[in-house]
Ligand SMILES: Nc1ncnc2c1ncn2[C@@H]1O[C@H](COP(=O)(O)OP(=O)(O)O)[C@@H](O)[C@H]1O
Ligand SMILES: CC(=O)OP(=O)(O)O
Ligand SMILES: [Mg+2]
């Protein structure tokens, strides 16, 4: 087993790479949701031995699985819980099967990293009959990014992964904050779905459930679902598309709405980071990853103002979900 084609359909981008033993041989990023690099371009890097596809929702699966028709069917069941991401991963699989019919596909899940959450963090305070009947719990997402950040942070600190107490903030189009201790997730801001937690490019993060009940009486359910997934968060607040480049440009041009959007984003992010700290015995590292962490240093300085009490300086690490997926795929197939 050597070359793994990794496919990561995120909410604002499709990222594709070919990885061989931890080295990236080629990478492609498409901001167009329906884009896909030309398979011939991928083949030009050399033949691939396996394909890894990111699925944000894997249900209760604790690790990656070889994707056969039964698994695909089961993952389809989870579409209502991850409506932005799951359909895209499923349609990517259909296309990939066409292009590479003989290459095994492994599904790698955001949720797997969080399956060991302690009950205090994973249980919703609703009637226990609802919890049992609907299989409701905090699943948590961005786990592939967290696993990669844990590995790089452990290397930086010269420790084993199990010896690191850290907070991982994934700042992409989706945003999450995860407390990691003993090599596993002990609390995380995303919940039953990736709508929860910190405001994101187009999603609101945590809302008063009473507000949702109120809105559900005023707005048809489909419009509400669309508004919460695609028109809330930074986009909804600022009137831009929610990409922080655009929000910050609007703020620089004097937009009061964009100014409030950034304030809300940073306030809620700091609040979530402070909350994550309470799940850890100590804090070795505050790690920031994802497109915003990698490309918006000025905003990170604004974020750090007010977090001095944590006693650590934030460190930035690239969100190499593809390296984690390639690793998981090799382990699964070997
Ligand atoms: N080259 C860049 N310069 C500035 N900001 C960037 C750049 N690339 C990405 N970003 C920021 O990162 C965000 C997208 O993060 P990313 O991790 O790529 O998203 P996702 O994986 O969720 O699609 C955008 O909101 C944008 O503000
Ligand atoms: C789970 C999630 O929101 O992922 P992304 O940030 O890649 O859209
Ligand atoms: Mg992403």
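Backbone N, Cα and C define each Cβ position, glycine as well.
Per TrEMBL, the features are as follows:
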ACT_SITE  110  active site, proton donor/acceptor
BINDING   54  substrate binding site
BINDING   170, 171, 172, 173, 174, 243, 244, 245  ATP binding site
SITE      142  site 'Transition state stabilizer'
SITE      203  site 'Transition state stabilizer'
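When the Cα atoms are compared, residue 171 (ATP binding site) and residue 54 (substrate binding site) turn out to be 17 Å apart. The most densely surrounded of the binding-site residues 172, 174, judged by C-beta neighbours within 10 angstroms, is 174. Between residue 203 (site 'Transition state stabilizer') and residue 174 (ATP binding site), the C-alpha separation comes to 8 Å. Look at residue 245 (ATP binding site): DSSP puts it in a helix. Cβ packing within 10 Å was compared across the recorded positions 142, 245, and the lowest neighbour count falls to 245. Less than 6 Å separates the Cβ from ligand 3 in the case of 172, drawn from the recorded positions 110, 170, 171, 172, 203, 245 in sequence order.
Checking each of the recorded positions 54, 110, 142 against residue 174 (ATP binding site) by C-alpha distance, the shortest gap belongs to 142. Residue 142 (site 'Transition state stabilizer') sits 18 Å from residue 243 (ATP binding site), taking the CA atoms of both as reference points. Checking the recorded positions 172, 173, 203, 243, 244, 245 against ligand 2 with a 6 Å cutoff on the Cβ atom leaves 172, 173, in sequence order.
In this view, the densest Cβ surroundings among the binding-site residues 171, 244 belong to 171, judged by other Cβ atoms lying within 10 Å.
In this structure the alpha carbons, written CA, of residue 244 (ATP binding site) and residue 110 (active site, proton donor/acceptor) are 23 Å apart. Our reading of the ATP binding annotation (170, 171, 172, 173, 174, 243, 244, 245) yields a largest Cα to Cα distance of 17 angstrom.
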